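> Following this message is one structure expressed as structure tokens.
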Amino acid sequence: MNPMIFIILLTTIMLGTFIVTTSSHWFMTWLGFEMNMMAIVPVLMKKYSPRSMEAATKYFLTQATASMILMLAIIINLMYSGQWTITNMENYTASMLITIALTMKLGLAPFHFWVPEVTQGVSLPSGLILLTWQKIAPLSLLYQTYSSVNMNILLLMSLLSIMIGGWGGLNQTQLRKIMAYSSIAHMGWMMAIMVYNPNLSLLNLLIYIFMTSSMFMLLIFSSSVSTLSLSLTWNKAPIITIMSLTTLLSLGGLPPLTGFLPKWMIIQELTKNNSVILPTLMAILALLNLFFYMRLTYSTALTMFPTMNNTKFMWQFQNTNILSMMLPLITISTLALPLTPMLILLN
């Protein structure tokens, strides 16, 4: 792909997201979603192959269906209220349709089937955009309409997403699919707190983007796409492997790493709102995620697949400039929780 065309596509993706996040008009919001979708499809097919074509087609069909449902909900709401304002949601049917459309765009269960398949079919940089930047626009719209969303349905979807995100990743060896199921589970945590404290949901999104970006950048740097290739990075880049392990454990929510912070705050907030059964179930189901991250850490750090002798000592020739660039992002992704008391004392 021509670099100039690629820059234009990335600019359009960012512009579409900014239109959605800053607009208070339903038509402009829908227009931003369409700009975003039409620009991301060529990016997913950047490395042309039958697998990437299939992934881009699945993504396009899912997002186009969600956009049609969203437009139907907008028209129904306009018919009953006579206004294009986002915050003015008076019709129950329109509210339900908008919830379904946005959860389809986010990849929440039971509309999650496209997320692992599309992520596995695209390259690592495209997967990074898909699992981080593409979550911002739907979540910002949910943030604006959370007061009119059906709370019980959203909580049921969130619990189902946490469960499927944990179970789906248990038997996976492909790192992109593991990251996709992790994304489904994290989206479930964000939706669970959205109806009680939407600001906390945005904080969770920010931490999730930091952790997922760190993990994908480490995978891109080490060219790892499976458990086998990740285990061989000990010979190529020991520092990268150590960073990957701590980032994986942070994604699993193991204290005292950064990933434990949003789970801790969400469970605390749900308990304050007299909800006991839901946070208990969420904490139990989160152990599924932690289990496959621990298994991945074990297979990477404590075991080593058979390898050729010519792969040894390659770490001496690695470029350390990229490591220094990634260091701040990885520090935030792993050590934000232990550093929090120090930041409070400094202030």
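Including glycine, each Cβ sits where the backbone N, Cα and C put it.
What Swiss-Prot records for 1-21, 25-45, 59-79, 96-116, 122-142, 149-169, 178-198, 201-221, 237-257, 274-294, 326-346 is transmembrane segment, and it gives sequence analysis as the kind of evidence.
Set these features in their place in the structure for me.
Sequence-distant contacts of the transmembrane segment (59-79) (same chain, at least 6 residues past either end, Cβ-Cβ under 8 Å): 26-27, 30, 33-34, 37, 40-41, 44, 88-91, 93-98, 100-102, 104-105, 111, 114, 118, 130.
Sequence-distant contacts of the transmembrane segment (178-198) (same chain, six or more residues past either end, CB-CB distance under 8 Å): 103, 106-109, 112, 115-116, 118-120, 127, 131, 135, 139, 142-143, 146, 149, 151, 154-155, 157-162, 164-166, 168-169, 172, 204-205, 208, 212, 215-216, 251, 262-263, 266, 269-270, 273, 275, 278, 282, 286, 289, 292, 296.
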> Near the transmembrane segment (237-257), which same-chain residues lie under 8 Å Cβ to Cβ, leaving out any that are not at least 6 residues past its ends?
182, 211-212, 214-215, 218-219, 221-222, 224, 230, 263-264, 286, 289-290, 293-294, 296-297, 300-301, 314-315, 318, 323, 326, 330, 333-335, 337-338
